Amino acid sequence: MVNMKASMFLTFAGLVLLFVVCYASESEKKEFPKEMLSSIFAVDNDFKQEERDCAGYMRECKEKLCCSGYVCSSRWKWCVLPAPWRR
């Protein structure tokens, strides 16, 4: 029983050591922190705010009309989803 525990411990320790060595050699090839941060905070053109002719959900609708599928709330002056109690 002690032999089995020792062999499991050595196997686990060997796997951890292998992981650490592989990670260290991989992180030397590239600057991991800078690369990771730049990929996280990269701004894609699809996600940039675009100017529209209509106001989207929860946008102010005083000067602009709401986009299709939304109505201008008479109380808050925001574009909201149409609902039976808002008609």
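Including glycine, each Cβ sits where the backbone N, Cα and C put it.
Owing to the predicted nature of the structure, the values given are computational and were not obtained by experimental measurement.
The signal peptide feature in Swiss-Prot is assigned to 1-24; the stated evidence is sequence analysis.
Residue environment of Cys67 (disulfide bond) contains 15 other Cβ atoms, counted within 10 Å of its Cβ in all protein chains. Feature annotation from Swiss-Prot assigns disulfide bond to Cys54-Cys67 (among others); the stated evidence is similarity to another entry.
Cβ neighbour count for Cys61 (disulfide bond): 21 (other Cβ atoms within 10 Å of its Cβ, all protein chains included). According to Swiss-Prot, the disulfide bond annotation covers Cys61-Cys72 (among others), on the basis of similarity to another entry.
Mapped onto three states, the DSSP output places Cys66 (disulfide bond) in strand. The disulfide bond annotation in Swiss-Prot covers Cys66-Cys79 (among others) and is backed by similarity to another entry.
Cα spacing between Cys54 (disulfide bond) and Cys66 (disulfide bond): 5 Å, rounded to the nearest whole number. DSSP gives Cys72 (disulfide bond) a strand state.
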